[in-house]
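Below you'll find the structure, written out as structure tokens, and then a few comments.
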Amino acid sequence: MELPSINSTTSISDNQELRNYYDKLLFKNNSGKSLADLPGKMADFNDNSAAAHPRSRVDFINGYIGFREDKQSLLGQKNTKRASFSAFADEGRKQSEMSINGKSPNLSLFSFEFNGTPTQDRKPYKQDYLNVMNTSPNNILSPLNNSSQKYYPQKQQQQQQQQQQQQQQSIFDPGRRSSYISDALIHGNAATQQPQYSQPVYINNNPSLQVPYTAPSEYTQQQQYSSPFNARRNTQPVLNLHPAAAPTNDAGLAVVDGKNLTSSKELHDLYLDCGSNYFASDKVYKFIDSIKGTLRGDNVSASSSRIIEFLDFLKNCNLNYNPQSDAFISTAVSNASSTGAAKSKNSTSMHLHYKPLVLVSLKNGKLELLSKPQTATLILKRGDLVIIDGDRGKDLVLVVEPVVDINLALFINFLKKKIHFDSLITNSQQHFPNDQFIKTLVDTTNGKPVAHELNPKLYDIIELTQLIIPSKQVLRFATPWESSTNLHNKFQDELKALHIAQLKLRSLNNNNSGGGLNIKILNAEFQFDRKKLTFYYICQERNDFRDLIKELFKFYKTRIWLCAIPNNLSIDSKFYDSNKFEWEMYQDMMSHYSMDNTGIVVAPELNRLKLDDFQIGVYMELVKVLFG
């Protein structure tokens with residue numbers, strides 16, 4: 001056979017001879033039979049076999065077919081009517097209506113037989129709906145459309161096995177099952193049996209109601225889902241319709257103006273209950289309020305006038321904090337001014353370089369001036385317990401004055417420096433008389449002649465009069481646990497340390513033939529982080545503490561610091577010898593320990609403490625002897 005001539009523009013479908021050549025010659029099997037008309041031959045074979053052996057058969061698209069179905073209904077109609085997708089999409093809603101009303105509603109779904117005739121007595125086959133939706137019979141997303149299947153890799157094999165079983169069971173149309181089997185019962189049970197690891201579907205294409213497919217859900221293992229499937233894959237952000245409540249602050253702090261922190265009422269009450277006795281708050285508040293009233297000119301007395309005059313002197317010595325002070329006015333004009341109280345109110349109208357400090361109290365009422373960070377968001381109140389910078393560590397203190405003005409800062413700074421220099425003098429005969437100290441200091445600074453000069457080796461005039469901004473800062477509020485439990489444990493350790501130090505001192509003095517140490521240990525104080533242990537003592541002569549420090553370091557393995565109390569104020573006789581509250585408290589603890597079999601030594605509660613307030617007593621006595 002000669003093939004017709006073709007070129008690049010020739011189409012096989014347009015050339016009849018070329019098409020016949022491919023149909024009759026090329027499409028043949030090994031036996032030489034043509035393969036071009038296989039569909040037609042198969043139809044003829046089925047017609048002959050059906051006529052010879054009429055029996056039921058299975059169609060994998062339309063379900064079970066009986067022998068009464070004619071062949072024309074199967075193959076004669078090429079445009080077979082099928083149920084629409086929207087009809088199957090409403091199946092869940094129709095079934096819910098029927099379950100609620102107790103009867104079937106007006107059906108809008110029709111099943112079509114092979115001849116295209118709709119019938120209402122046959123329910124739409126659920127497997128058709130699942131095939132269209134590409135899901136399993138129990139609402140499990142198949143691996144083809146489930147983008148989140150990677151989150152449940154352990155259950156994929158189980159889901160595939162369930163799908164295969166459902167497909168095998170779905171070969172027979174449930175609409176033609178035996179009458180004694182309830183289709184509603186079968187399908188209802190299959191629909192309600194959700195697997196434990198099923199993936200949720202969306203409702204009405206609303207992406208904000210449930211978790212999207214691309215995010216794993218922790219609660220999908222416990223919830224059941226029977227809502228219609230959303231064919232649209234959701235990748236939009238999830239809108240939380242029920243946001244969680246704002247977490248409560250376990251530290252008991254309250255937010256002010258959205259950025260500042262302050263102690264709540266409950267936390268502040270806890271501060272007052274735990275810190276009042278330990279930090280001698282009553283005596284400290286009384287002393288500071290008295291000084292503030294004197295500096296304002298509220299008190300009219302000789303001592304108050306001397307305090308105000310000395311305050312003006314301190315201002316003149318700190319021009320960097322007070323550029324518009326009276327130092328810019330001539331001495332004659334300054335002396336011709338009004339009374340001291342009025343001059344104190346009007347002399348400092350502006351302090352350009354001064355930033356308010358914070359006045360705090362340590363154990364037994366020892367005062368400290370601190371600075372606040374420039375970016376601090378803490379709103380402090382009197383009585384708050386805060387964590388501050390300590391000596392190479394952290395410490396816990398009581399807030400006395402949240403905002404200290406320049407007048408109070410200058411006066412408190414002078415008192416602290418005076419106490420420091422006095423504590424370094426071991427021989428009481430070397431102290432300069434306190435009743436003459438202020439006048440001598442002022443005259444020496446102004447260049448006037450004095451009867452007795454201050455010893456520059458014992459007193460540094462510049463350091464006495466100059467206010468230096470402290471480097472230690474307020475860090476944060478103390479937590480409830482730090483204010484109660486940790487502070488109580490700290491006090492209990494301090495009682496034991498006081499007892500051990502006195503035992504060590506007694507042992508060293510007994511073994512020393514030269515007389516030993518002539519000191520009296522008044523108190524012990526741990527830094528809050530236990531990195532430093534300070535012992536406060538008083539003595540009348542110079543002593544060598546190296547052996548005592550070695551013994552204490554062997555026991556505590558921390559830095560040991562011995563701090564002297566000025567011996568020219570009779571602090572031990574006025575605030576310690578007649579009371580010794582802490583020493584008696586420790587003796588009482590040990591007596592209960594000897595009678596108790598539990599082996600636990602517990603100090604009294606913080607709100608029941610009564611301590612030796614000798615630290616604030618030092619400030620009170622110093623003001624009295626200097627300006628009284």
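Keep in mind that glycine also has a Cβ here, set from the backbone N, Cα and C atoms.
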Of the residues SER34, SER147, SER179, SER507, the one that Swiss-Prot lists under phosphoserine: SER34
Candidate set SER31, SER49, SER325, residue annotated phosphoserine in Swiss-Prot: SER31
DSSP helix/strand/coil residue counts for the domain 'PSP1 C-terminal' (472-565): 43 helix, 27 strand, 24 coil
Per-residue pLDDT averaged over the domain 'PSP1 C-terminal' (472-565), given as an integer: 93
